[in-house]
């Protein structure tokens, strides 16, 4: 699933190419792509017709397009395999929605697994920010200028469960998925099974700082692409997968100490870690 860096790469691409453009005809090619828009496909297409895009924004793994003179936004969730693509014509297999812009560009939403989609949602003011209603419950992410690491540390120190579980909880801190959780924990030298309330403030701060740092590094390299499911708006893959220190490196040498990296099951996922740098907690 695209995590914060990948979604931010897409948002930046959209901001550069669609802000100031007006939406013309919109076609929904697969109803699942608009299943979160409760009023249905016809309502979505009618309300988008003639809307001018004035900006883009993101929180965690959600992004949205701001529309001129409206108190609603077009919310996009990429799900497992969603792609926002720009071109003269719909340019990908699995195109679920296409929108013609006034300069002739087609904005396409492609989604092989159909877990993502578009919806129009009301904008709300929450904690000093204006966000779409489906995003209102999400915590700020580590790249948000108003992210308060000290406040998150206080929350984590009240959580009696694994630190990795907390990093994946979008109501504690948003935008972090399995890949960047493992990378942050490796950088901070903390095993994901450590209990959050047993970690010191210094350790928890180190984990959050590492999460922000690794996502900035990933963003600079276009995100992480293991296959063709994640690409930017031009259809190009990111290349941070070449720089991963933990995720996917079972059996390889730790880049820091040389120990053999391990993999274990966690929450129906795989966790990758160094047994020397990140010793597993004793039961």
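From the backbone N, Cα and C atoms, a Cβ is placed for every residue, glycine too.
For 2, the entry in Swiss-Prot reads active site, schiff-base intermediate with DNA, with the evidence type sequence analysis. Under the heading active site, proton donor, Swiss-Prot lists 3, 61, 269. Under the heading DNA binding site, Swiss-Prot lists 94, 113, 159. According to Swiss-Prot, the feature zinc finger maps to 245-279.
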(request) Work through the recorded positions one by one (61, 94, 113, 159, 269) and name whichever has its CA nearest to the CA of the residue listed as 'active site, schiff-base intermediate with DNA'. (result) 61
(request) Work out how many Å separate residue 269 (active site, proton donor) and residue 113 (DNA binding site) at their Cα atoms, rounded off. (result) 18
(message) Among 61, 94, 113, 269, the recorded positions in question, whose Cβ has the most other Cβ atoms within 10 Å in this structure?
(response) 61
(request) Work out, from DSSP, the number of helix, strand and coil residues along the zinc finger (245-279). (result) 0 helix, 12 strand, 23 coil
(request) Just name the winner among 2, 3, 159 (the recorded positions) by count of other CB atoms within 10 A of its CB. (result) 2
(request) Can you figure out which of 3, 94, 113, 159 (the recorded positions) comes closest in space to residue 61 (active site, proton donor), comparing Cα atoms? (result) 3
(request) Let me know the largest Cα to Cα distance in Å among the DNA-binding residues 94, 113, 159, as an integer. (result) 41
(request) Fill in the CA-CA distance, residue 113 (DNA binding site) to residue 3 (active site, proton donor), as an integer in Å. (result) 16
